[in-house]
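The block underneath contains the structure these notes are about, expressed in structure tokens.
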Amino acid sequence: MSPVNSDNVVPLLPEHESPETSTEEKQPSVSGAVFNVSTSIIGAGIMSIPATLKVLGVFPAFVLIVLIAWLVDVSVEFMLRFSYAGGSTTYAGLMKESFGRIGSVAVQICVMITNLGCLIIYLIIIGDVLSGAQSGEESVHLGVLQEWFGIHWWNTRNVAILFIVIFVMLPLVLFRRVEFLSMSSAVAVLLAIVFVGICSAMAISATVKGETRNIRSLPQLDDQAAFFNLFTAIPVIVTAFTFHFNVHAIGVELGKPEAMASAVRISLILCALIYFSIGLFGYILFGDSIEADILVNFDEATGSMIGSVLNDIVRLSYAFHLMLVFPLLNFSLRTNIDEFLFPDKSLLAKDNKRFLFLTFILLAAAYLIAIAIPNIWYFFQFMGSTAAVSIAFIFPGALALRDVHGISSRKDKIIGATMIILAVITSTIAISSNLYSLGN
């Protein structure tokens with residue numbers, strides 16, 4: 001990302017004071033922004049990346065992760081530059097400057113689909129870890145609580161997820177300022193690193209003992225269906241890197257153009273390393289037997305007490321990580337729904353009734369859908385093929401092409417057009433392949 005010159009742009013903060021901040025409050029730090037951005041990125045993606053390596057092979061997956069991370073970097077640069085030029089403080093407001101009401105509504109709908117989908121996925125994964133999941137018609141994966149205490153009514157999937165929603169999620173989503181979540185985000189990033197660290201240690205140990213699975217460096221293209229199946233992995237990785245809905249929320253509170261650009265770059269590098277590491281080590285550990293949710297693989301019997309303990313630590317560490325990611329995505333989801341439904345109302349942070357109403361409705365909706373969906377792979381693919389691709393590439397590329405502030409260079413417009421074309425082509429093929437697979 002090219003450096004942003006703060007002397008020649010309009011600050012992301014509006015001239016009037018934010019309703020959720022006070023001049024007496026401590027200015028948010030760059031490290032806090034890095035933690036919040038990184039946590040916005042690392043979510044369900046970390047458990048789905050290993051499955052993409054099974055489809056793509058190691059080398060193409062590495063190239064694709066690096067390429068998508070770079071494109072995301074460029075797309076966020078477009079967003080920041082146009083936000084500073086026009087003074088927009090939300091993604092919807094940024095699109096409205098260039099495309100009017102249609103642009104803002106398009107962003108809001110895509111953010112609703114993507115974020116609500118991610119929140120549902122998080123609850124599904126947490127349920128998988130704590131209370132197990134059905135995989136196919138006969139294979140049942142037990143959760144940690146069931147392995148420890150046996151199967152009881154209080155550790156069933158519905159009850160376990162409900163307990164987490166009420167006693168963990170609810171207190172966190174009641175924060176009205178995203179900077180207050182920086183400490184929980186720091187813990188979330190640490191837990192993700194612990195998850196990767198243990199997986200890498202297990203993979204190295206398995207390699208030394210000669211117990212690793214066969215892995216492919218390149219994709220196995222046996223037929224036409226296998227070729228088109230490659231495109232289904234791209235939206236999964238795109239979704240794993242999509243955090244654009246929180247760029248303004250974090251940047252407004254940080255209030256420093258160059259600092260926000262640096263925070264984004266550091267976060268993308270960190271997350272790309274985490275994604276490829278967990279993908280590689282997970283693929284080495286489980287090979288082609290990797291499930292769409294790699295956490296399910298960690299309930300397999302290891303034959304040793306130490307192996308069982310490590311499996312439980314891996315599963316629980318990532319479940320707790322998702323519990324801390326949940327409020328950060330909920331923050332922008334709630335804001336976009338409020339702007340969509342009540343565009344002329346006062347700011348959400350100032351209206352207690354509206355704030356609490358939306359908070360409880362979103363939690364209830366995420367919970368009810370999570371307990372009704374058995375598998376997340378197709379959900380994640382379709383979401384990445386549509387809304388997430390639009391948020392990450394199509395909308396930022398359109399901003400560069402529209403160029404209402406006259407700041408796009410020829411190179412910017414070429415990159416913007418390329419992002420849109422690639423996004424549309426890959427999404428179309430991925431959706432067609434998914435529908436074909438479901439039909440069969």
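Just so it is clear, glycine is given a Cβ too, placed from its N, Cα and C backbone atoms.
Keep in mind that TrEMBL annotations are predicted by a computer and have not been checked by a curator.
Database features (TrEMBL):
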COMPBIAS  14-27  compositional bias 'Basic and acidic residues'
DOMAIN    29-416  domain 'Amino acid transporter transmembrane'
REGION    1-30  region 'Disordered'
TRANSMEM  59-84  transmembrane segment
TRANSMEM  105-125  transmembrane segment
TRANSMEM  158-175  transmembrane segment
TRANSMEM  187-206  transmembrane segment
TRANSMEM  226-245  transmembrane segment
TRANSMEM  266-286  transmembrane segment
TRANSMEM  313-333  transmembrane segment
TRANSMEM  354-373  transmembrane segment
TRANSMEM  379-402  transmembrane segment
TRANSMEM  414-436  transmembrane segment
Q.
Are there residues at least six beyond either end of the transmembrane segment (226-245) with Cβ under 8 Å to its Cβ atoms? List them, or say none.
A. 37, 40-41, 43-46, 48-49, 51-52, 55-56, 60-61, 64-65, 68-69, 72, 75-76, 79, 91, 111, 114-115, 118, 219-220, 268, 271, 275, 329, 332-333, 336, 380-385, 388-389, 391-393, 395-396, 426-427, 429-430, 432-434, 436-437
**Q.** Segment-segment contact (the transmembrane segment (313-333); the transmembrane segment (105-125)) at 3 or more Cβ pairs under 8 Å
**A.** yes
Q) Looking at 105-125, 266-286, 414-436, which one has the highest count of Cβ pairs under 8 angstroms to the transmembrane segment (354-373)? A) 105-125
Q) Which of 105-125, 158-175, 187-206, 266-286 shares the most C-beta pairs under 8 angstroms with the transmembrane segment (59-84)? A) 266-286
(Q) Could you check whether the transmembrane segment (187-206) packs against the transmembrane segment (266-286) - three or more CB pairs closer than 8 Å, residues at least 6 apart in sequence? (A) yes
**Q.** Folded-back contacts onto the transmembrane segment (266-286), same chain, C-beta under 8 angstroms, at least six residues removed
**A.** 34, 37-38, 41-42, 45-46, 49-50, 52-54, 58, 61-62, 65-66, 69, 72-73, 189, 192-193, 195-196, 199-200, 202-203, 206-207, 212-213, 215, 237, 240-241, 294, 297
Q. In the same chain, who gets a Cβ under 8 Å from the transmembrane segment (158-175) while lying at least 6 residues past its ends?
A. 123, 126-127, 130-131, 143, 145, 181, 184, 323-324, 326-327, 330-331, 334, 359, 362-363, 366-367, 370-371
